[in-house]
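A.B. asks: Starting off with a structure, shown below.
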Amino acid sequence: MAVNLELIHVCTNALLVSQSADQTPRYTHAVVFIFLANGEAIMVHVRGILLAFVVAVVAVATYIVLEPIPEGVDSPCTLKIVSNFLILSPYGMKALPTGLVDWLDERFRAHSRASEPRVPYRDAVFDRVPVRIFADEPAGEKTDKRPAIVFYHGGGFVSSSVDMHHSLTAMLARELNVVVVSVDYRLAPKYPFPAAIDDCTAATVWFLKHIGDFNVDPGRVAIMGDSAGGNLAAATAQRLTFDPEYRDLPRPKLQVLIVPCLQAFDFHTPSYQQNGKYNTLILRRITMATYWNKYLLGNKGDVTEAMLINNHTSAAAKSSPLVQKCLSRDLIPDEFKRPDYRAPSNDFGDDALYEEIKDVLLDPDYAPLMREDLRGLPEAYILTAEYDVLRDDGIMYAKRLEKAGVPVTWKHYKTGFHALFGNLIPSEVGKQGDKDFLQFALKKL
């Protein structure tokens, strides 16, 4: 290590000028030497850290470039970057001080709230549930009543917020000239099932009861959500349709389910088998199983590993009439079953574990696909993506709704991926998905 001796000499002489009368400059000289030497050592250490950082960045970049991704998916480079960021960011956040994480979170939220389109909004509370209300004009300013969308954000029941989906919900309000109520429901694992669906139901019911205060046509209300929000939209639609408590409320005209997760019974559907092992498609099988587990049990247990191999259910349950009807593989067209697809076995399971969790696992409030009778539900718009583990959840629900006599518009995107909607991840297929839904909603709502 090269130590700057000239600088040491200058500093030492300066100190000697003001030395004390006891003539003890040696100690001062040693301290200065050690300080400067350590300074050089620190610089060497910093350079080492920077070099290691550069090497790590190059290694990660190389890994991302070489990471496999299906050939047919849109925007593969963007997907690789975003997917790996989602995988790695939790580890990075754990290494940061809590105060810095909170600051970064608030800065991100503020940026989202300031993003385009800048539609007027206000935050409120509907029956104890925080909501954000978007409207391009104050309620009551015009005599014509407008449609409304009650929106439930995605995030695997464990993350995201009305801030994260601010630009999406603002876009809906602007492009469709509707009032949008975005619901900020409680999240797992702190608040497991049924907290989220109870919050979504409570906020929606309050809005429907007070709909006149928002200059909204009670016959033109849609409930909508993406991913986990699609689950909550489907479950809320079922509650409002089948629960006698809500029979006197205005009936939602549409349910809009964007890449929804609708069941946690079978993690080996064709789409889970096709897409579940990729690290580059936003959502992996293990990620989805983790989300379902946290929504199911909160912090009180972990059945993720059992879910991954369908060992969280019993052999008898797999072969039961309810499961064979609600999750029939015959509902999924053959074109979605790749040559390497293998129908999972039904002759195994963990009876004891299934007994512990079956009441929730089969509850339509938790898994809307498990409702046996779907007759009478509102008209549905369902969006699915080819390269999404949740593809078949949406397909099965669309097919079962059709069989039940419910009008269904099913839009499938052959180059699509999870989170394509709403420009959350910019792509051409996402733009088309947005355009198709806006055209549909302008005609139907």
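Using the three backbone atoms N, Cα and C, a Cβ is placed for every residue, glycine included.
Annotations for this protein, taken from TrEMBL, read as follows:
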type     : residues : note
TRANSMEM : 48-66    : transmembrane segment
DOMAIN   : 149-307  : domain 'Alpha/beta hydrolase fold-3'
ACT_SITE : Ser227   : active site
DOMAIN   : 358-420  : domain 'Alpha/beta hydrolase fold-3'
ACT_SITE : Asp388   : active site
ACT_SITE : His418   : active site
A.B. asks: Using C-alpha atoms only, work out the spacing between His418 (active site) and Asp388 (active site) and round it to an integer in Å.
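C.D. replies: Distance (Cα to Cα, whole Å): 5 Å.
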A.B. asks: Taking just the CA atoms, what is the gap between Ser227 (active site) and Asp388 (active site) in Å?
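C.D. replies: One finds 11 Å between the Cα atoms of these residues.
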A.B. asks: Far apart in sequence but close in space: which same-chain residues, 6 or more away, have a Cβ under 8 Å from Asp388 (active site)?
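C.D. replies: Expected: Val259, Ser271, Asn275, Leu281, Ile282, Leu283, Gly416, Phe417, His418.
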A.B. asks: Using all protein chains in view, find how many other C-beta atoms are within 10 Å of the C-beta of Ser227 (active site).
C.D. replies: 28
A.B. asks: Looking only at the domain 'Alpha/beta hydrolase fold-3' (149-307), what is the mean pLDDT?
C.D. replies: 98
A.B. asks: Applying a 10 Å Cβ distance cut-off over all chains shown, what neighbour count does His418 (active site) have?
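C.D. replies: The Cβ of His418 (active site) has 29 Cβ neighbours within 10 Å.
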